[in-house]
Amino acid sequence: MSSFNQFTKTISLEKYGITNAQVNYQLSPEALHHITLDKNQGVEASSGALAVRTGEFTGRSPKDRFIVKDEVTEHLVWWGNINIPFSSEKFDALYNKVISYLSGKEVFVRDSCACADENYKLNIRVINEYPWSNQFAYNMFLRPTEEELEHFDPEWLVVNAPGFMANPDIDGTRQHNFAILNFSKKIALIGGTGYTGEIKKGIFSALNFILPVYKKTLPMHCSANVGKGGDTAIFFGLSGTGKTTLSTDPNRSLIGDDEHGWTQENTIFNFEGGCYAKVINLCRDNEPEIYDAIKKGAILENVVLDEAGHVDFTNTSITQNTRVSYPINHIENIKVPSIGKNPKNIFFLTADAFGVIPPISKLTPSQAAYHFISGYTAKVAGTEAGVVEPVPSFSACFGAPFMPLHPSKYAEMLSNKMIEAGVNVWLVNTGWTGGPYGVGTRMKLKYTRAMINAVLNGDLGLYNYDDYHIHSVFGVAQPRTCPGVPTSVLSPRQTWNDDEAYYTMAFKLTNAFRENFKKFEAHCNEEIRRGGPQRYAF
Ligand code: ATP
Ligand code: MN
């Protein structure tokens with residue numbers, strides 16, 4: 001196996017307590033690909049990509065994500081069912097069990113970085129039980145140069161042991177899997193789950209604490225791209241709302257897919273070095289850039305292949321959350337380095353399965369703050385036939401599961417930055433039109449893209465009163481026309497053909513917004529509260 005190793009440097013893991021391990025340090029992605037095949041842990045798809053199954057978990061497990069409560073975190077973290085406390089003693093005991101589990105095994109170690117801006121760079125050492133998890137780290141984190149590797153000093157450690165099962169009674173976990181952040185020891189300890197997203201979101205969660213607390217930088221769960229004129233756009237949104245899809249645009253250079261920081265120096269930078277795209281129903285016609293990125297070096301997760309190695313992207317028999325990870329340079333049009341100036345436009349993406357939010361609207365600063373704190377999207381309960389009620393889902397800052405601090409901290413920073421930068425904020429419903437889930441249909445991707453392009457090309461200025469309509473429930477400015485989009489699509493009410501049903505549903509969603517916002521009211525001023533939907537406004 002060492003014949004694959006292009007680096008002469010070897011490292012010992014004894015200082016981490018891992019003894020007698022066969023250490024594969026900094027293997028090339030090609031080597032990891034082949035080792036994965038040799039171990040029967042994956043197959044090669046006809047595209048050349050590696051296809052793996054992540055096992056029992058095909059998504060993150062937010063209920064099993066903990067933060068060690070100690071002198072560093074105690075008074076800063078917003079404790080609760082998102083940031084679940086874990087004791088230092090229990091952490092030490094569990095860590096010892098995990099490293100003794102890894103001792104004597106073959107392990108894969110990779111030094112990598114997060115944060116594309118040199119001033120914020122975080123050195124990470126990732127120790128994986130499986131070769132493909134280590135290739136995921138290669139794809140998703142920033143790849144240090146050989147020179148940087150010579151003197152690499154890892155600050156954070158990710159220990160990833162999917163095959164290790166915790167014993168909840170003894171170890172203090174909820175069940176056999178866990179993802180625990182320890183800010184004093186600078187360790188992300190992941191066990192019992194092979195879902196690779198835990199690795200990237202572990203470091204994201206760490207940065208969501210480190211950057212605002214120590215570096216005055218706002219971390220954001222968003223994608224970002226930049227136009228030919230240097231204008232940056234960022235796209236916030238919960239899972240499945242379109243961050244990856246909409247930021248991948250052949251006419252704009254991709255800055256990053258999912259995680260960014262907004263600095264005091266008025267720049268934004270990518271945390272990562274790769275993309276992690278959903279591939280459910282992926283087709284080349286709609287998403288050619290992502291489709292073509294699935295080649296040698298990419299890792300497909302939990303997809304179903306036929307005998308010839310062709311992927312059936314419509315097959316959800318393993319999970320709806322089928323994914324691919326690839327280094328960002330699998331996309332042709334990228335910004336190098338992954339840094340942009342202050343954004344000119346911010347998009348809040350929501351997949352509204354109630355079908356009542358306009359497909360595009362402009363927000364006032366107070367509406368922007370309100371919607372950022374609310375972080376609304378909708379979940380569709382299932383895919384079975386028959387009427388299935390959508391469920392509203394609110395996740396503060398469009399990323400509550402990854403935010404260790406109180407949402408108001410991030411919201412305050414964002415509000416200040418938005419006002420300073422004079423940025424335009426848009427609410428985009430990439431969800432349903434013509435009725436709720438079950439009745440209406442998902443907004444056509446080509447329309448959403450046309451609306452976003454219109455904003456970015458300056459064709460949706462909304463300067464004149466005649467250009468827009470203030471939505472009678474949500475209070476947002478809804479454009480009357482948009483190039484490339486049928487006028488009837490712009491008004492959700494009109495797409496329903498039933499005003500009463502439309503308003504009944506809109507009020508239902510309004511109530512859900514109000515109910516959710518109650519827990520933030522004490523932290524928000526009147527200005528922000530006024531940004532919410534106005535139930536009786538019409
Ligand atoms: P995550 O945080 O989990 O990475 P994400 O916000 O990046 O999620 P995407 O991976 O972009 O979400 O997923 C959006 C999905 O919705 C894609 O599968 C895309 O094809 C589909 N889709 C359908 N219609 C639209 C639309 N109008 N706009 C955006 N995406 C759409
Ligand atoms: Mn994404």
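Heads up, the Cβ atoms here are built off N, Cα and C, so glycines get one too.
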Out of T433, T441, T448, TrEMBL lists as part of the ATP site with K201, H221, G237, L238, S239, G240, T241, G242, K243, T244, T245, E287, R323 the residue T448
Figure out which of R53, R60, R449 sits with Y195, K201, R323 in the substrate site per TrEMBL.
-> R60
Of the binding-site residues listed as S239, T245, D258, the one whose CA lies nearest the CA of K201 (substrate binding site) = D258
Specify all same-chain residues, apart from the site residues R60, Y195, K201, R323, whose Cβ lies within 8 angstroms of the center of the Cβ atoms of the substrate site, ordered by sequence.
-> F57, G59, T196, G197, E198, K200, Y276, N321
Determine, using Cα-Cα distances only, which of these binding-site residues is closest to Y195 (substrate binding site): H221, G237, S239, T241, T245.
-> S239
What are the non-local neighbours of R60 (substrate binding site), defined as same-chain residues 6+ apart in sequence with CB under 8 A from its CB?
-> A179, Y195, G197, E198, K201, P401
Long-range Cβ environment of D258 (Mn(2+) binding site), under 8 Å and at least 6 residues apart | K200, F204, H221, C222, S223, K243, T244, E272, C275, Y276
